[in-house]
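**Student:** First, the structure itself, so that you have it in front of you.
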Amino acid sequence: MSTSDHSRPSTLAGVQTDVKITEQVLPEGSVDPVYQARAELLNDTIQRIGMGRYQKWHLFIVAGFGWLADILWIVVAGIILAPVVQEFKVQGPFLSLSTNIGLLVGALGWSAGSDVWGRKVSFNITLAIVGVFAMIAAASPNFTALAVFAALWSVGVGGNFPVDSAIFLEFLPATHQWLLTVLAIWSAFGALIASLVAWAILPNFSCEATATECKRSDNIGWRYYLIIMGGLMIILWVFRFFVFKLHESPKYLMGRGKLQEAVRVIHAVAKYNGRDADLTVEQLEEAGAPREISERTKEEDAQALRPPAMDTSALGAFRRTLREYDSSLIKMLFATPKLAFSTSLIIAVWAIIGLAVPLYNAFIPYYLSSRGAAYGDGSVYITYRNNVIIGLVALPAAPFGGWAVEIPRVGRKGTLSVFTILTGVFLFLSTTARTSNALLGWNCGYSFANNVSTDGIAS
C-alpha cells in the first residue's frame with residue numbers, strides 16, 4: 001500500500017460521502033436531519049485530515065484481523081469436517097448448519113448492537129469469544145457438543161465482518177474507501193493460515209479416508225487444530241485489546257450525543273497522523289440548524305439557531321438503525337421498472353453467491369479427500385497440501401480486485417461480471433477432473449476468480 005497521501009481516483013470522487021449518497025436516495029425526513037448534518041460534517045473533517053498512520057497501518061491491520069477470522073473459520077469448519085465425520089459417523093452438513101446459524105445470529109446481533117453499545121465493544125470482544133469457544137470445542141465428547149460450540153464460536157465470527165468494516169470505513173476519507181476492497185487480502189491470509197496449520201497437524205494425527213474404523217486416539221489431530229486456531233484468535237484479541245489503541249467511532253459518539261468525545265477522537269486521530277483538525281463542539285452542535293434567521297428579535301434568532309432535538313439514547317440509536325429497514329424505504333427500491341430490475345438483480349446475485357460460495361468453500365477439503373480416495377491417488381497429506389496451494393492462489397486476488405474495480409469502463413460491474421462467470425466456469429470444469437492434480441488445477445482457478453468477484457461485491 002502506498003504511503004502517499006495523494007488521492008487515488010475513485011468512484012466516490014472525493015465528495016460522494018455516504019451521507020450525501022443517502023440524501024440522493026432516501027426521501028427527505030426519512031433520516032434524522034440533525035444526525036445527517038452532523039455525520040456529513042464529520043465526514044468532511046475526516047476528508048480534510050486525509051489518510052495517515054492511523055488508517056494506513058494500524059487500523060488496516062487490526063480491522064484486517066476480523067476479515068482474517070471470518071474466512072479462517074469457514075475454512076476451519078471445512079477442514080475438520082472429514083475427520084469429524086469419520087470419528088463420530090455423522091452427517092457432515094449438520095456441522096456446516098450449526099456454524100451458519102451462529103454466523104447469522106452474530107451478524108445480526110453484533111451489527112445492530114454496535115449502534116447501541118458502540119463499535120469499540122463489539123470490535124474488542126468478538127475475537128475473544130471465537131478463541132474461547134473454539135478451544136472448548138476441542139474437548140467435545142460427541143458431535144452434538146461440537147456442533148453447539150461451533151455455533152457459539154461462529155456467533156463471534158459473525159460480528160467481525162460487519163463491525164470491522166464499519167469501523168474501517170468510518171475513519172476513511174471518502175477518496176480512499178476503495179481500500180475496503182484491498183482489506184479483503186486478509187481473507188486470503190486467513191484461508192492460507194488455516195490450510196498451512198492443517199497441513200502441518202492433521203496428516204500425522206488423523207485417520208486415513210479409506211479407514212473402516214477411526215478411534216479418537218488415532219484421530220486427535222482436529223482437536224489439536226482447534227486449540228491452535230483458538231489460541232491464534234486469543235493472540236489477535238490481546239493485540240487488539242492491549243497493544244492497539246482503538247478510538248470509538250465519531251459517528252457513534254455523535255449519535256449518542258457525546259459531541260465532546262466525538263471531537264476529541266477527531267483531534268486525536270489528526271494528531272496521530274501529524275495533521276491539524278479545526279472541528280469544534282460548537283460546530284457539531286449547530287449542524288442541522290436553519291440557515292435563515294427571522295429578524296423579529298435576537299431572542300427568536302438564538303432560538304432558531306438551536307438544532308432540533310435528537311434522540312441520543314441507546315433506544316434512539318437502535319431506532320435509527322431500524323429506520324433503515326422501514327418498509328416505505330424498501331418499496332422505494334422498486335419505485336420504477338429500472339430500479340426494480342436493478343434491485344432484484346443485486347438481491348439475486350447476493351443470494352446466489354451467498355449460498356454457493358460459503359457452501360462450496362466449506363466442503364473443499366472434504367471434496368478433495370473423497371475425490372482423492374475415489375481417484376486412487378489421494379491421501380490425508382495430499383488433501384491438505386492441495387488445500388494450501390488453493391489458499392496461496394487466492395492471495396493476489398484482493399490487490400488485483402482493488403486495482404481492477406478502479407479501471408475506467410470496467411469498474412465494479414465489469415470486474416464482478418467477468419470473474420463471477422469465470423468462477424462458475426472453473427467449477428463446471430472441475431467436474432471433468434479424473435485425478436487429484438486436475439481437480440487441484442480447476443480449484444486454483446476457482447479460488448482466484450471467486451476471491452476477485454466476492455471482493456468486488458464487498459466494495
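The backbone N, Cα and C atoms fix where each Cβ goes, and this holds for glycine too.
According to TrEMBL, the record shows the following:
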DOMAIN    59-459  domain 'Major facilitator superfamily (MFS) profile'
TRANSMEM  57-82  transmembrane segment
TRANSMEM  94-112  transmembrane segment
TRANSMEM  121-139  transmembrane segment
TRANSMEM  145-171  transmembrane segment
TRANSMEM  178-202  transmembrane segment
TRANSMEM  222-243  transmembrane segment
TRANSMEM  339-368  transmembrane segment
TRANSMEM  388-407  transmembrane segment
TRANSMEM  414-433  transmembrane segment
**Student:** Sort out the residues at least 6 away from either end of the transmembrane segment (222-243), same chain, that have Cβ-Cβ distances under 8 Å to it, and list them.
**Tutor:** 62, 65, 68-69, 72-73, 76, 79-80, 83-84, 123-124, 127-128, 130-135, 137-139, 153, 193-194, 197-198, 201-202, 205-206
**Student:** Select the range from 57-82, 145-171, 414-433 that forms the most Cβ-Cβ pairs under 8 Å with the transmembrane segment (94-112).
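**Tutor:** Answer, by Cβ pair count: 145-171.
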**Student:** Residues sitting near the transmembrane segment (145-171): Cβ under 8 Å, six or more positions beyond its termini, same chain?
**Tutor:** 18, 46, 54-55, 59-60, 63-67, 69-70, 73, 77, 84, 88, 94-95, 97-111, 114, 119, 122-123, 125-130, 133-134, 136-137, 177, 179-180, 183, 230, 246-247, 249-251, 269, 458
**Student:** Over the domain 'Major facilitator superfamily (MFS) profile' (59-459), work out the mean pLDDT and round it to an integer.
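**Tutor:** Across the domain 'Major facilitator superfamily (MFS) profile' (59-459), the average pLDDT comes out at 84.
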**Student:** Pairs of Cβ atoms less than 8 Å apart decide it: which stretch in 57-82, 178-202, 339-368 has the most with the transmembrane segment (121-139)?
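**Tutor:** Answer, by Cβ pair count: 57-82.
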**Student:** In the same chain, who gets a Cβ under 8 Å from the transmembrane segment (57-82) while lying at least 6 residues past its ends?
**Tutor:** 1, 92, 95-96, 99, 123, 126-127, 130, 134, 150, 153-154, 157, 160-161, 163-165, 167-168, 171, 179, 183-191, 193-195, 198, 202, 206, 209, 222, 225-226, 229, 233, 236, 239-240, 244, 246, 358, 361-366, 369-370, 383-384, 387, 391
**Student:** What parts of the chain pack near the transmembrane segment (178-202), using Cβ distances under 8 Å and only residues at least 6 beyond its ends?
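**Tutor:** Long-range Cβ neighbours of the transmembrane segment (178-202): 1, 8, 10-12, 60, 63-73, 75-76, 79, 83, 165, 168-169, 172, 221-222, 224-225, 228-229, 232, 365, 380-381, 384-385, 387-388, 390-392, 394-395, 397-399, 401-402, 405-406, 451, 454-456, 458-459.
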**Student:** Near the transmembrane segment (414-433), which residues from the same chain, at least 6 beyond its ends, have a CB less than 8 A from one of its CBs?
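**Tutor:** Those are 349, 353, 360, 371, 401, 404-405, 407, 439, 441-443, 445-446, 449-450, 452-453, 456-457, in sequence order.
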